[in-house]
Protein chains: 2
Amino acid sequence: MQTLNVELGDRRYPIHIGRGLLAQAALILPHLKRKQVAIVTNTTVAPLYLEKLAQPLRDAGVAVISIVLPDGEAYKNSATLNLIYDALLENRCERSTTLIALGGGVVGDLTGYAAATYLRGVPFVQVPTTLLSQVDSSVGGKTGINHPLGKNMIGAFYQPQLVLADIDTLHTLPERELAAGLAEVIKYGLIRDLPFFEWLEAHIDKLTALDTDAMRYAIYRSCENKAEVVAADERESGERALLNLGHTFGHAIENGMGYGVWLHGEAVAAGTMMAADLSRRMGWLSDAEVARMDAIFRAARLPLEPPGLGADRYLDLMGLDKKVLDGKIRLVLQQGIGRSVVSSDYDVAALRATLESPLHG
Amino acid sequence: MQTLNVELGDRRYPIHIGRGLLAQAALILPHLKRKQVAIVTNTTVAPLYLEKLAQPLRDAGVAVISIVLPDGEAYKNSATLNLIYDALLENRCERSTTLIALGGGVVGDLTGYAAATYLRGVPFVQVPTTLLSQVDSSVGGKTGINHPLGKNMIGAFYQPQLVLADIDTLHTLPERELAAGLAEVIKYGLIRDLPFFEWLEAHIDKLTALDTDAMRYAIYRSCENKAEVVAADERESGERALLNLGHTFGHAIENGMGYGVWLHGEAVAAGTMMAADLSRRMGWLSDAEVARMDAIFRAARLPLEPPGLGADRYLDLMGLDKKVLDGKIRLVLQQGIGRSVVSSDYDVAALRATLESPLHG
């Protein structure tokens, strides 16, 4: 087991990474205010891991409530959130009850947001079971739900007490989901860590084969990168925006196609290549660098061809994004591999060209 | 105009108290990140004050969106919250858009919660138009909504940029609402400020007659008391709980009778007398002190006779309250006027007697 501490002043919290962590109640017990937890999970994860997590807690004298939600991004909404509130109230959960999110990013975002807002805030623990949530959504305190008019429009910044990233859970992950998680891993190399990108180029096949040592290192280094960014900029006023590489384009793809058609990580990968294409058109990125990016995403088995929605539809979808500043869309672009920048200083004609025909300009 | 600063580290904010503040755009302008605001108000307040607030802002070049909600505690729920989100999204409001709450506690709680959660947090300004919201809900950062199973069950701690308490708005306030606000004013004297309580005994008639100087002083001193408590204990782990004097009983009254039948301040007054009754039965408060409390609430024209729900129903209603600690109900009780304490060390038989027959034991 490796442990990384996210430094957020009085809200410092540890991320443990390793095998079999799910069943180690001793890791969770010191963080409980009282011996009552509500485990929030979904119908896919529950049969695989709910009892593995719950039974050792019960054996340690913890009262365990479980809340099983429907599975999927389409359920990351206020109706599902209300299912959590209802269960917590019906079970008379109090301010000292700890919520535990067991599942992927959707479960984590919903549970974290419920924890942030139930009784104006209760403690919570993240037990992410997908690669994407282990390297991304469980670090940094972003929680929230979607709205019919936009993704993640309602939410809160709220930090967990503890994150348990159990590598064993990745063995039950569908291949598409593993690839989507690798897209976020690769992102950390692209935005700020060239040596990690080079390590990934050398080890991408081990990661797709779920080699334990390679995977633990990739998760640790990803979390380390994200933790550094988040600790420096908790409220996303500056550097944290770099983490959104590929996300403005990616959200437009997800939203334009209907949530759930593309996985988030798939959309981010395709969106990152759109950002690369725009960067190349502006002379910030060489053809060779674009080719390296293309190659590693393909080796990770990610789809890179964005849907042809047309530039006008893309611009409309991107206009609703949170990363808008005074009406002007800011984008995360590449100035070489390992160096992303946030910029609104780009050529609009080049942007339209990218949106009309990415990778073909 | 008097100004009080609430000290919350980097989130220090001013409360301005005086006449005609609503129309002084110059007080608001320095707090805007960009010249766009969304004013949230209700159907009762809008015809009285919306244009008085909005026009000077427009004259100063600010883009103003208004969101007019239905009026009443019954609408402090997720459906009304969604009306705010929808309007903000339809108008493409961004992270730099400031929300302005114009109205009483319900508008303030809803708007503050929308501000806390829209795009994970946007700035907001409170313009409370009732005495209750001027002395209570606009100070301290509590925001939230009700749930069918309990009041204020969903919410966040979130501080405004600025509070404008305009005394002129009290002239359009119904008498019952003025009295409900006075209940909270009296509360500050009871919990921690005996000299203020004595001043109130001498000036209660001026306050019910809306004397300007008396009212400004009462609001200032109430906010000062609350600000001191909140600054010392922002997250309600200790002293802040004293502000809930009368609230555990009061919430039970409001919930038991159905929200909206009793005004919040009315329920708090009756609940405070129930707490006084229990304190008297335990020998913590003299008959003479109970009589002084009874007299000032009556002079403020508040109803003091709680509904006869029966002890079992009361206990059930109180069990859902947030101030529960490990299954034991903690209550705010009186050890003399000007000295409240949080205690779970009370006689349960005495509590049942109070619930069965307050003021008659």
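For all residues, glycine too, the Cβ spot is worked out from N, Cα and C.
Pulled from TrEMBL, these are the features on record:
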{"type": "DOMAIN", "residues": "B:67-179", "note": "domain '3-dehydroquinate synthase N-terminal'"}
{"type": "BINDING", "residues": "B:71-76, B:105-109, B:129-130, B:Lys142, B:Lys151, B:169-172", "note": "NAD(+) binding site"}
{"type": "DOMAIN", "residues": "B:181-324", "note": "domain '3-dehydroquinate synthase C-terminal'"}
{"type": "BINDING", "residues": "B:Glu184, B:His247, B:His264", "note": "Zn(2+) binding site"}
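Here the features listed in TrEMBL are placed on the structure.
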| residue | record | Cβ contacts under 8 Å, 6 or more apart |
| --- | --- | --- |
| B:Asp71 | NAD(+) binding site | B:Asn42, B:Thr43, B:Thr44, B:Val45, B:Val106 |
| B:Ala74 | NAD(+) binding site | B:Tyr259, B:Gly260 |
| B:Gly105 | NAD(+) binding site | B:Pro128, B:Thr130, B:Leu132, B:Ser133, B:Asp136, B:Ser137, B:His264 |
| B:Gly108 | NAD(+) binding site | B:Ala101, B:Gln126, B:Pro128, B:Ser133, B:Ser137, B:Ser138, B:Thr143 |
| B:Thr169 | NAD(+) binding site | B:Leu22, B:Leu48, B:Tyr49, B:Thr129, B:Thr130 |
| B:Thr172 | NAD(+) binding site | B:Leu48 |
| B:Glu184 | Zn(2+) binding site | B:Leu131, B:Leu132, B:Val135, B:Asp136, B:Ser222, B:Gly265, B:Val268 |
Measure the Cβ-based neighbour count of B:His247 (Zn(2+) binding site), defined as the other Cβ atoms within 10 Å of its Cβ.
25
Give the helix, strand or coil assignment DSSP yields for B:His247 (Zn(2+) binding site).
helix
For the domain '3-dehydroquinate synthase N-terminal' (B:67-179), provide the mean pLDDT of the predicted model.
94
Centre the Cβ atoms of B:Glu184, B:His247, B:His264, go out 8 Å, and tell me which other residues of that chain have a Cβ in range of the Zn(2+) site.
B:Leu132, B:Asp136, B:Ala180, B:Ala183, B:Lys187, B:Gly246, B:Gly250, B:Gly265, B:Ala267, B:Val268
